[in-house]
Structure formats: structure tokens, C-alpha cells
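Features of the protein shown, as given by Swiss-Prot:
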- Thr12: active site (ACT_SITE)
- Ser172, Cys175, Thr178: Na(+) binding site (BINDING)
Amino acid sequence: MEHKDPSQMYGTTILCIRRGNQVIIAGDGQVSLGQTVIKNSAKKIKRLANDTVITGFAGATADAFTLFERLESKLEKHPGQLLRACVELAKDWRMDKYLRRLEAMMIVADKSISLIISGNGDVLEPENGIAAIGSGGNYALAAAKALCETNERFSQNMTLEYTITTAMRIASEICIYTNNNIIIEKIED
């Protein structure tokens, strides 16, 4: 099997928005195998570390679960230190011959930080508290940025749930690998 470019993940959309003391991650439910939809209600969002961390994945499902397990192990070694746990995971991802072949990306968030862990082992903190990955990620990101800016400029008082659901719905209308069966997890302080 030829290793694909991890920056070109197909088949899902994961979006994270942070505002004040709240962070929310949403993922669509579609699982595709080639051009065929296999499942419409998959859960690509998961809580870790006694529900203090939420994460979503794009890419190969088995690879993502391997990364969830590794991240959970790092969080046990570094409780309450999400950035450090993610950097340690990224180091392993780059150095380990087996892990380097994994084709997945993750968004990880706790009450204080949101991070993207790329398929290349990069750990990135998004600007403006908004991050997206997957085939519909750019559409969801653009929609979320527009909604957040509109909310801020015109004092619309849009909830995070409304903002993220609307952005995901827009992405699902554009990306054929994303559906509108949206699953949301939230952390608020």
C-alpha cells in the first residue's frame, strides 16, 4: 500500500471553535469507502482524560484509534498538560517507523488550548481559536470564520452550537465526503 500525503485526507470534516471559556468540536458522521457511503452516523469525536479533553479525527479510522490510544497514554503521563502530551505524541509519530505510516490528523482541545496534530507530526495552535481538518475542513473553516466575525462585529449573540452547526452544514453542502449528521462535544469552564 502506497503511503498517501496526510495533508490530503478525504472523507470527513472536523471543526473546532474556541470562544472565551468555551470550546466546541464538531464532526460529521459520514464514512466513505472510495465513492461509496458505508455509514452515515459514525462518531469521530471522542472525550479523553476524564472528559477534560475533546478530540476529533480525519483520515483512516484504525489509524486514528491508534493515535487516540497513544494520546491517552501521553495524557496519563502528563496530566493537565495537553500541549506537552501532544508534542510527545508528535515526537513519537515522527520517530516511530510504524506510526509514520499512519494516515490521520487530529484536532485536540481542553479548557485552555486547541491544537491540530498533522499527519507529518506537526503540532499547531490555530489563530483566532478556529481549526478544521478533513476533506470539508477548508469550507467549514471559512464558514466558521465568517460567522464568528459577523457575530463579533454585529453583536449577534450566536451561540457556539449555532455557529459550529451552521458552518458544518455549509461544508456538508459543498463537500461530497461530508454529511449533515453532526456530532458535537463541548467543554466549558
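Each Cβ is built from the backbone N, Cα and C atoms, and glycine gets one as well.
Keep in mind the model is a prediction, meaning the values are calculated, not measured.
Other residues of the same chain near the Na(+) site, with their Cβ within 8 Å of the Cβ centroid of Ser172, Cys175, Thr178, are Thr13, Asp28, Gln30, Ser135, Gly136, Tyr139, Ala140, Met168, Ala171, Glu173, Ile174, Ile176, Tyr177, Asn179, Asn180.
Closest to Thr12 (active site) by Cα-Cα distance, out of the binding-site residues Ser172, Cys175, Thr178, is Thr178.
Fewest Cβ neighbours within 10 Å among the recorded positions Thr12, Ser172, Thr178: that distinction goes to Ser172. For Cys175 (Na(+) binding site), the count of additional Cβ atoms within 10 Å of its Cβ stands at 22 [all protein chains shown].
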